[in-house]
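*Asks:* Pasting a structure here, questions to come.
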Number of protein chains: 2
Amino acid sequence: MDSLLETVSSNRASGGTQGVYRHASAATGTPMVFSVFVPDHAPGTKLPLVWYLSGLTCTHVNVTDKGEFRRACAELGLIFIAPDTSPRGEGVPDDAAGAYDFGLGAGFYVDATEAPFAANYRMETYVTQELPALIVANFPVDTARQGITGHSMGGHGALTLALRHPGQYRSVSAFSPIAAPGQVPWGEKALGGYLGGDRELWRHHDATALIEDGARVADILVDQGDADQFLAEQLRPELLAAACAAAGIPLTLRMQPGYDHSYYFISTFMADHLAWHAARLS
Amino acid sequence: MDSLLETVSSNRASGGTQGVYRHASAATGTPMVFSVFVPDHAPGTKLPLVWYLSGLTCTHVNVTDKGEFRRACAELGLIFIAPDTSPRGEGVPDDAAGAYDFGLGAGFYVDATEAPFAANYRMETYVTQELPALIVANFPVDTARQGITGHSMGGHGALTLALRHPGQYRSVSAFSPIAAPGQVPWGEKALGGYLGGDRELWRHHDATALIEDGARVADILVDQGDADQFLAEQLRPELLAAACAAAGIPLTLRMQPGYDHSYYFISTFMADHLAWHAARLS
């Protein structure tokens with residue numbers, strides 16, 4: 001650990017170490033907390049890593065407690081990193097009405113350009129640049145072997161960051177992602193609030209639009225519960241499927257009968273996603 | 001569901017259904033909440049079940065969120081039930097100083113005889129009689145095939161209830177149990193508070209003393225982290241091991257290097273415990 005990183009907790013778990021760490025982020029101008037699971041490994045080995053981006057209202061805690069990823073990561077030799085979903089703190093601007101779907105807990109993995117959010121809400125820079133540099137300096141990761149996944153808003157984040165930074169992530173998957181944010185209420189509010197009213201700019205942060213506009217990844221795994229209360233209005237995986245089909249991107253879209261939007265759904269299919277990533281990072 | 005049972009939540013999870021239910025308990029005189037996981041099964045089938053008793057400060061929520069039991073239960077065909085650890089509510093007497101280790105959240109799985117606790121703190125009757133009757137009436141359980149496990153105070157509960165009701169439970173295991181409560185501070189406070197000052201009466205609710213006094217089970221699995229902060233003062237598995245050795249009860253006591261008292265430890269070894277129970281309940 002270098003001096004930039006404060007250890008909040010460290011526990012032996014599932015044949016590895018589950019840590020939680022805090023640091024002062026230059027990107028967001030706030031303290032930021034994240035969790036890292038490192039499986040036991042031979043000294044000197046560098047391991048592939050999977051980034052997990054959480055959904056609206058979440059922090060690193062939700063998946064760290066409920067995600068059921070550690071056993072699979074230990075078996076597959078994967079490091080698992082869960083950042084927070086937004087800057088937090090006294091001075092950080094929030095949704096004016098305190099809504100759950102904008103501001104605190106709802107960073108949407110973009111660098112905001114609109115006042116008053118542009119100073120702190122720089123989650124794309126944080127997740128793709130600042131935090132990786134900190135991780136490389138402190139954990140035994142092989143930066144040539146990074147995958148990314150996430151849930152809901154974090155599924156949107158995983159898809160868009162993989163499409164925008166294809167040299168950085170070699171594998172991508174998502175759980176019930178907001179697949180076309182420019183066309184749904186959650187996304188219209190968030191992208192409008194962080195990026196302003198020009199919908200052309202939103203297309204750079206919308207997985208479906210990015211693919212329509214030429215961005216490419218090798219393949220995508222998406223799991224989606226068919227009893228998810230947000231499916232029809234907010235998630236719209238059929239729009240992503242159409243864009244992938246037109247672009248020739250192999251999309252494995254699995255509609256899971258009876259499953260909803262909760263961590264009961266995520267934990268059920270977590271091991272499948274980690275195996276997907278491990279197969280592409282080995 | 002009969003009309004005595006209110007469904008708090010029901011979610012598809014890991015190839016089964018994770019439910020949370022509330023009912024009015026005659027044993028405790030309070031509302032009580034518990035969780036049940038039922039794996040998918042053929043219509044008309046009755047499944048073996050494992051009771052999980054939680055530790056100090058816990059409710060059903062801790063293991064339901066963090067226990068990582070559902071996948072193994074689905075694979076093994078086990079129903080998993082997690083009751084609360086004590087009565088709760090406005091009129092329920094608590095520790096005079098509000099301590100975490102007595103009163104609310106700390107029922108110790110005994111029927112209290114001391115005022116003012118005797119009216120509500122009847123957790124042995126609740127867990128061994130009232131709740132099983134409710135479970136049988138509402139879930140597809142085979143009552144001839146019940147196992148019991150638990151953590152810390154709940155490990156104490158699992159061991160003592162199995163020893164006191166050997167016809168009811170066919171398998172027993174524990175995670176970091178309070179193995180000899182009559183000889184440690186947590187147990188002295190709880191058994192003294194609920195049962196009064198006669199230490200002879202405590203022996204009926206102390207796994208080590210029960211075995212010394214002739215109670216028997218077929219065999220026992222105990223996992224214990226060697227970095228557990230409560231090991232030396234409160235848990236004392238060596239006392240249980242000595243009693244089992246003297247009584248000829250096969251005890252599998254696994255000291256797990258580096259593991260502490262947390263759910264990171266429990267979740268790591270949960271699947272092993274469920275396999276232990278399934279082998280004895282098949």
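Note: Cβ is positioned from N, Cα and C throughout, glycine not excepted.
According to TrEMBL, the protein has these features:
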type     : residues : note
ACT_SITE : A:Ser152 : active site, charge relay system
ACT_SITE : A:Asp228 : active site, charge relay system
ACT_SITE : A:His261 : active site, charge relay system
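Locate each feature and note its surroundings.
*Replies:* Of all Cβ atoms in the protein chains displayed, 25 besides its own lie within 10 Å of the Cβ of A:Ser152 (active site, charge relay system).
For the recorded site, A:Asp228 (active site, charge relay system), the DSSP three-state label reads coil. Counting only same-chain residues at least 6 apart in sequence, those with a Cβ under 8 Å from the Cβ of A:Asp228 (active site, charge relay system) are A:Ser176, A:Leu235, A:Tyr259, A:Asp260, A:His261, A:Phe265.
The secondary structure of A:His261 (active site, charge relay system), as reduced to three states from DSSP, is coil rather than helix or strand.
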*Asks:* Hey, what's the Cβ neighbour count for A:His261 (active site, charge relay system) at 10 Å?
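*Replies:* A 10 Å sphere around the Cβ of A:His261 (active site, charge relay system) contains 22 other Cβ atoms.
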